[in-house]
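Taken from Swiss-Prot, the feature active site, proton acceptor covers 46. Here Swiss-Prot flags 17, 18, 19, 20, 21, 22, 23, 24, 184 as ATP binding site, drawing on sequence analysis. Here Swiss-Prot flags 64, 88, 190 as substrate binding site, drawing on sequence analysis.
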């Protein structure tokens with residue numbers, strides 16, 4: 001589908017994945033090499049100011065402390081789950097707000113990734129966002145559920161509040177070898193973080209399941225059709241395996257339902273006597289399927305130095321789907337939203353469009 005003459009062409013890319021794989025460094029390296037000319041490229045870092053200093057407490061530190069207190073038997077699983085659910089909702093809020101700020105200004109998709117013809121080349125604005133709401137609302141809660149830190153009730157509640165993706169939402173899931181991933185986490189040593197290899201294994205599996213879920217759904221997969229073939233998920237078995245091995249669920253070209261996020265969501269408390277989900281849980285699973293199906297999910301291996309990873313990221317971006325602005329002033333409004341997000345939610349400067357760039361849009 002080609003754009004209308006004169007409409008703005010916008011590329012939005014969300015670089016996501018387990019913490020510590022190097023996604024932020026890769027995105028920053030990509031944007032740093034760009035000259036300040038059209039297309040304007042803006043990098044929105046994780047909203048650390050919102051998470052760590054906007055309110056009275058530091059959410060990052062609270063998350064690690066809660067997990068540590070649970071592991072030390074200082075609090076119960078129910079208490080930890082209540083804390084974690086609140087914190088995950090807080091972590092996802094900036095992304096949900098950004099989506100709603102952009103929603104009126106994002107129009108139709110200009111090309112499908114599987115088009116036979118060339119993708120549109122002109123890009124007026126390239127927006128790279130460090131993470132997407134799916135991280136805080138799906139992947140991290142699910143990883144903590146697999147570790148026994150939050151209940152499926154909490155996971156279901158968060159999934160049900162995942163915002164509908166905007167057209168042209170390109171989600172790039174970064175990955176890395178397990179040992180290199182652990183080494184990078186040890187090296188970065190962010191304030192408040194605790195190295196937890198079991199949690200690292202859980203979040204790696206959650207993101208692999210996310211990528212497999214997208215492939216499963218886009219190839220015609222139907223969770224209702226395949227539900228009967230799934231075994232009941234046992235978090236304790238997952239934790240025992242993750243604690244002993246560096247196993248990560250493989251990314252599959254033709255995944256089955258057992259390779260997807262749905263595999264961790266079949267637990268007895270939400271099933272009827274036949275083993276099928278009760279209505280409310282089924283609706284939650286439908287929301288998950290609809291949200292993930294609407295995303296354009298890609299994977300990117302970040303093995304190697306930042307410059308090489310940035311080059312691989314650039315090559316991937318060349319084939320991603322674009323959208324057009326929904327009205328003549330859309331490009332200016334999107335730049336303003338990006339600038340406000342960077343200014344108020346990031347600790348250090350994401351590259352904001354300058355005043356001159358915004359006014360010239």
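The backbone N, Cα and C atoms fix where each Cβ goes, glycine too.
Sequence features, as recorded in Swiss-Prot, placed on the structure.
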residue	record	contacts (Cβ under 8 Å, 6+ apart)
17	ATP binding site	23, 173, 174, 175, 207, 302
19	ATP binding site	185, 203
21	ATP binding site	174, 175, 176, 181, 184, 302
46	active site, proton acceptor	24, 130, 131, 346
88	substrate binding site	136, 137, 140, 141, 144, 150, 154, 158
190	substrate binding site	60
Among all protein chains shown, how many Cβ atoms are found within 10 Å of the Cβ of residue 184 (ATP binding site), not counting that one?
16
Record lists 64, 88, 190 as binding substrate; longest Cα-Cα distance in Å?
19
Reduce the DSSP letter at residue 19 (ATP binding site) to three states and note it down.
coil
Can you count the other CB atoms that lie within 10 A of the CB of residue 23 (ATP binding site)?
25
Over all pairs within 17, 18, 19, 20, 21, 22, 23, 24, 184, the annotated ATP binders, what is the largest Cα to Cα distance, rounded to whole Å?
14
State the three-class DSSP label for residue 46 (active site, proton acceptor), counting H, G and I as helix, E and B as strand, and everything else as coil.
coil
DSSP three-state assignment for residue 190 (substrate binding site):
coil
Around the ATP site (17, 18, 19, 20, 21, 22, 23, 24, 184), what further same-chain residues have their C-beta within 8 angstroms of the site's C-beta centre?
174, 176, 181, 302
If H, G and I count as helix, E and B as strand, and all else as coil, what does DSSP give for residue 184 (ATP binding site)?
helix
